[in-house]
Amino acid sequence: VRRHADLGVRTRILPSYRPTPYPLALPPPPVPPQCCSARYTLAVLMFFGFSVVYGLRVNLSVAMVAMVNTTDASPTANHSLVTACPLPRPDNSSVPVVLIDTGPQYPWDAKTQGWLLGAFFFGYLFTQIPGGYLSGHYGGSLALEGFGEGVTFPAMMAMWARWAPPLERSTLISLSASGASFGAFVALPLTALICQTLGWPAVFYICGSGGCLWAVFWFFLVSDDPRTHRRISEEEKNYIINSIGPQGSPHGWSVPLLSMALSGPLWAIILTQMCANWSYYTMLTSMPTYMNNVLHFDLSSNAALSAVPFLGALFVSVLSGFLADRLIEKRTLSTTAVRKLLTLIGLLVPAVCLVAAGYAGCCAVPAVALLCVSATVGGISAAGVFINQIDIAPRYAGVLLGITNTFGTIPGVLAPIVTGYLTEDHTLTGWRNVFWVSAGVNALGALIFTCMGSGVIQTWALTEEERAEEERAKKERGEEEVRRNEGDPTIAT
């Protein structure tokens with residue numbers, strides 16, 4: 001039995017290795033203010049950091065529309081079977097459009113475009129695990145300095161393992177990670193505007209400059225650990241350190257790789273994130289192409305409509321994090337139940353919407369509306385499987401996210417390529433197949449996490465201090481049981 005200063009509760013260590021709180025007569029100490037606090041400043045900076053990261057990631061999806069010369073495409077033998085939507089009638093009363101030089105154009109077919117859209121993820125794939133490992137050992141801000149985009153999510157999780165109090169964990173992580181949706185929402189129409197006014201090469205210069213500007217604020221305002229932060233209050237520092245306990249300490253060079261490899265809950269996260277990312281990356285990289293080739297929106301409308309789904313996902317992901325923390329804090333549901341419920345909703349509802357979008361045909365309004373609902377509801381899983389690493393192994397959260405994101409990046413490589421092959425003839429049937437595949441993969445992920453997921457700290461993730469305390473607790477329970485069996489009157493039955 002021990003006391004947690006952050007919650008004002010005593011906790012009894014059970015065989016499940018999950019502390020169970022029992023209120024004391026004394027009221028719990030107040031939680032430090034959230035507004036302008038160091039931990040929420042970190043969340044906001046991470047939010048804008050992921051905005052830049054995803055802006056850099058999606059700009060090629062829109063720029064590709066301006067980079068490809070579609071007028072040179074020679075028809076193939078199969079084009080007699082094409083049932084794609086008719087082109088909109090030209091408006092003869094409109095003022096003639098003045099064309100500007102948007103940059104060089106290339107005769108890339110759908111397959112080539114798919115390979116190019118997936119190429120980013122080849123480099124992104126190989127920095128995940130090293131980035132997560134070094135973030136857990138040295139700290140997230142240092143790792144961000146030396147790596148590219150691949151290290152961002154593992155570094156975030158490693159930092160939150162030291163900064164996020166357990167009862168604020170879902171809110172802080174969801175808030176910071178929702179910057180990805182905000183970045184996609186802003187970058188898609190902004191990229192179109194830049195392409196139309198300055199040419200597509202300017203897209204990459206402007207987005208890259210935004211990343212450099214953010215880095216200045218990051219290295220000036222962020223610290224790896226609350227103990228070393230220069231502007232944090234003593235009240236907030238003590239609250240964070242006491243809340244997290246030994247799990248906030250660095251894991252050192254030693255990592256229990258064999259135990260991780262045999263962990264069912266970890267494999268549940270890996271497989272479910274791969275499934276969820278398939279539909280996410282399909283929408284992220286291929287929606288501008290769908291809007292252009294099937295629904296025939298112009299570049300500006302294309303980018304704006306492709307961005308709308310990510311706005312909904314932004315708000316829903318933040319709200320889901322707040323809801324998850326409230327459910328756990330009030331003990332309405334266990335952490336495991338909360339993660340499974342949000343993941344189930346965030347994968348199955350989008351799957352249904354994707355299938356329906358495939359049958360919307362050439363009706364642009366229902367097609368776009370269904371895709372918006374799919375992406376918006378998908379944001380609920382942000383407080384489900386996507387932060388589950390810090391539940392099962394807080395000390396190794398950066399390493400685990402590096403591992404799960406490595407596997408989760410594979411769909412980023414394959415989904416655009418598969419989409420390119422399925423839609424090479426630009427038919428409605430091809431895009432319907434794309435949506436069916438994404439929906440089926442989503443449903444598979446929901447099934448896997450429901451059966452195998454967990455929100456309990458795993459035994460291999462416990463610190464030496466926690467293991468020693470567990471052994472003491474077991475010994476005390478054993479001695480108490482012996483005395484009870486011997487009829488000791490001082491032991492309550």
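Glycine is no exception: its Cβ is also placed from the backbone N, Cα and C atoms.
A TrEMBL annotation is a machine prediction, not a hand-curated record.
What TrEMBL says about this protein:
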type	residues	note
COMPBIAS	469-487	compositional bias 'Basic and acidic residues'
DOMAIN	41-457	domain 'Major facilitator superfamily (MFS) profile'
REGION	467-493	region 'Disordered'
TRANSMEM	37-56	transmembrane segment
TRANSMEM	115-134	transmembrane segment
TRANSMEM	172-194	transmembrane segment
TRANSMEM	200-221	transmembrane segment
TRANSMEM	257-281	transmembrane segment
TRANSMEM	301-320	transmembrane segment
TRANSMEM	341-361	transmembrane segment
TRANSMEM	367-387	transmembrane segment
TRANSMEM	399-422	transmembrane segment
TRANSMEM	434-457	transmembrane segment
Same-chain residue ranges lying at least 6 outside the transmembrane segment (301-320) that approach it to Cβ under 8 Å: 61-62, 65, 170-171, 174-175, 177-178, 181-182, 184-189, 191-193, 283, 287-288, 291-292, 342, 346, 368, 371-384
Residue numbers, six or more beyond the limits of the transmembrane segment (367-387), whose CB comes under 8 Å of its CB atoms: 157, 169-170, 173-174, 177-178, 181, 268-269, 272-273, 276, 279-280, 283, 287, 295, 305, 308-310, 312-317, 320-321, 323-324, 338-347, 349-350, 353-354, 356-357, 360-361, 445, 449, 453
Segment proximity, the transmembrane segment (341-361) to the transmembrane segment (399-422), 3 or more C-beta pairs under 8 Å: no
For the transmembrane segment (200-221): best-contacting stretch of 37-56, 172-194, 257-281, 341-361, 434-457, by Cβ pairs under 8 Å: 37-56
Long-range Cβ neighbours of the transmembrane segment (37-56) (under 8 Å; 6 or more residues past either end): 149, 152, 156, 159, 163-165, 168, 172, 175-184, 186-187, 190, 207-208, 210-211, 214, 217-218, 221-222, 226, 229, 231-233, 236-237, 240
Two-stretch contact, the transmembrane segment (257-281) and the transmembrane segment (341-361), at least three Cβ pairs under 8 Å: yes
Mean of pLDDT values spanning the domain 'Major facilitator superfamily (MFS) profile' (41-457): 81
